[in-house]
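Please read the structure below before turning to the comments.
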Amino acid sequence: MAADAHQAKHFEEGLKGASETVAEFHETKSPLKRIQHWLHQTPSAVPMIVLVAALIVFGLLSDNFFKAATLSTILQQIAIVGILGCAQTVVILTAGIDLSVGAIAVFSSVLMGQMSFRYGIPAELSILIGLALGTGMGAINGLLIAFLKLPPFIVTLGTWQVLLASNFIYSANETIRSADVKESAPALQLWGLSIQPGGVRVLFAVFLLIVLVAIMAYVLRQTAWGRHVYAVGDDPEAAALAGVKTRAVLVQVYALAGFFCAIAGWVMIGRFGSVSPTASTGQLGNIQSITAVVIGGISLFGGRGSIVGMFFGALIVGVFEMGLRLVGTDPQWTFFLIGVLIIFAVGVDQWIRKAAA
Amino acid sequence: MTREPILKGRNLVKRYGKVTALDHCDFDLYPGEILAVIGDNGAGKSTLIKAVSGAVAPDEGDIFLDGKKINFTSPIDARAAGIETVYQTLAMSPALSIADNMFMGRELRKPGFMGKVMRQLDRPAMEKFARAKLNELGLMTIQNINQAVETLSGGQRQGVAVARAAAFGSKVIILDEPTAALGVKESRRVLELILDVRSRGIPIVLISHNMPHVFEVADRVHVHRLGKRLCIIDPKRHSMSDAVAYMTGAKVPEDMNEFA
């Protein structure tokens, strides 16, 4: 009885004289470990370094590279992918994936156009309807994933096809011409407008992208909701036990992604002028945005990375495309190098994870 | 015993398909005590604990907190009522910081415009609180409260999880196998921590397989067998081998309720 307990205490007497401190934090000292630790804390550092290196290399290779016009064109070209990347970032942070981003963007842009041209709704209201419908499409993804527990890859593979097909059926494959949009619904082309400080044309769309990234960086880092997004991606069961409403967070994340896609759809009208159901974004938007996210150092396993990294990732793709074109190589080298970068980025992600443990 | 239990379960039933995990089980936790719950694997300890901590809704039966009937639908409800649970898995997000984890699901926001409208977290306040709680429990000398939890050792993580429960648990703290993954020294610290929490008047439910630990700190031992409470024993009057014999069915207790 009591002797048992005595016995139990007895073996611990050997502890006397042992160090009293439990669980001290030891700072790691080796330089490599320090780099790992720093990368762990600053996930956007890798893409930033790659970006700066790419800028320097292309600046040396091509005299025309460091011109304001070139840099502004790069930004212009990543505007849509960057906004889709914002959508993809929040989804991938929850360890999900959204293959339907491009389809939602194109369908939303078609809906905005058709609201105005088929039903005569004022352009401003059409835009709001398009944004709401895009959000709804994202929410459907979220509901299927959170409540039916279907894998995000499968759900969005399905909705990608369904939405893209609906887009073609609904629009009867008809493009609304740029001149018509300009004449009767100019608000649809808002993001194609530009300011020209010192003769360099900067699209509104570029400012929009930067503002969206800044807002999302704040939301993900500085609000409870943002922390919950990371927690859900990190370990959903732990998050639920700790009091995070994981299903609500998932639905909100996919709905927000749908909203960003609809914004991207609106920006597409500004960039291309016309409203086209056959825009290549419908097919390629998902792969392009996933590429930006992965090169940006955001872990496909969820819970790690920053949206600023995604922005750098999108910029890297833009810089490679432009730089290689200016240098005059075969454009296939762009895809070659981006492929290498993707594998490199995922390798670094794995290394950081290992180092962290 | 005339005291009213602070946490009471009556006739709890929980079935998973054809398996009955809880079979008309009773449960009593009195104020200020450490109640150990022991039982063989598959006896339904975890289900019992999940039922009283809100992680699982029982199919039948009632749970009372402070004499009032409660109906938890999620761990958040239980937490709001003052019941904190440290799960065996610890329920922490490895990539997030110590402070983030301590406040997960109950974050503090900045006062005024930044907090109300911009929903900004009050990081300095959360970090200060987390640091104070960890120091208060004597668990660790913290250098970086923003360190990711995955960079901590098993004992350190356990310490953070217990500190989180102790910091927020106002009525009941439930610890599921708190020493299972720990070394001798770290286990000792956690046991001291448990006694420290009791000395502050908060009752504790301790689920453990470690008989020496159970017999050292528990005031009463709830022996769980085949989905129900077999008996409650006084660790001062029974030996560890008795307890093991009861929970494995090798021996039948003479008086089922001698100490209930």
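Cβ atoms are placed via backbone N, Cα and C, with glycine included.
Annotated transmembrane segment per TrEMBL: A:45-66 (among others), in sequence order. Under 8 Å from some Cβ of the transmembrane segment (A:45-66) lie the Cβ atoms of residues 38-39, 295-297, 309, 312-313, 315-316, 319-320, 322-323, 326-327, 341, 345, 348, all in the same chain and six or more residues away from its ends.
Through the fold, the transmembrane segment (A:78-107) approaches residues 133-134, 137-138, 141, 145, 152-153, 156-157, 159-161, 163-164, 166-167, 170, 191, 203, 205-206, 208-209, 212-213, 216, 220, 229-230, 232-234, 236, 249-250, 253-254, 256-265, 267-268, 271, 276-277, 279, 281-286, 288-290, 292-293, 296, 298-305, 307, 310-311, 313-315, 317-318 of its own chain, all at least 6 residues removed from its boundaries and within a Cβ separation under 8 Å. The annotation transmembrane segment is assigned in TrEMBL to A:78-107 (among others).
Per TrEMBL, transmembrane segment is recorded for A:127-148 (among others).
The transmembrane segment annotation in TrEMBL covers A:200-220 (among others).
Per TrEMBL, the feature transmembrane segment maps to A:249-269 (among others). Long-range contacts of the transmembrane segment (A:249-269) within the same chain, counting only residues at least 6 positions beyond its ends with a Cβ under 8 Å from a Cβ of the stretch, are 79-80, 83-84, 86-88, 90-91, 93-94, 96, 98, 100-102, 104-110, 112-113, 127, 130-139, 141-143, 145-146, 181, 188-192, 205, 208, 212, 225, 228-229, 232, 275, 279, 281, 285.
Annotation source TrEMBL lists transmembrane segment at A:281-301 (among others).
Outside the transmembrane segment (A:308-327), and at least 6 residues removed from its termini, the chain residues within Cβ reach (under 8 Å) are 43-44, 46-48, 50-51, 54-55, 57-58, 61-62, 64-65, 70, 73-75, 77-78, 81-82, 85-86, 88-89, 209, 213, 217, 288, 291-298, 333-334, 337-338, 341, 345. Annotation comment: TrEMBL describes A:308-327 (among others) as transmembrane segment.
Residues 36, 39-40, 43, 46-47, 50, 291, 294-297, 299-300, 304, 313, 316-317, 320-321, 324 of the same chain lie 6 or more positions beyond the ends of the transmembrane segment (A:333-352) yet place their CB under 8 Å from a CB of it. Positions annotated as transmembrane segment by TrEMBL: A:333-352 (among others).
Long-range neighbours of the transmembrane segment (A:200-220) within the same chain, counting only residues 6 or more positions beyond its ends whose Cβ lies under 8 Å from a Cβ of the stretch, are 68-69, 72, 75-76, 78-80, 82-83, 86, 89-90, 93, 190-194, 226, 229-230, 260, 263, 267, 270-271, 306-308, 310-311.
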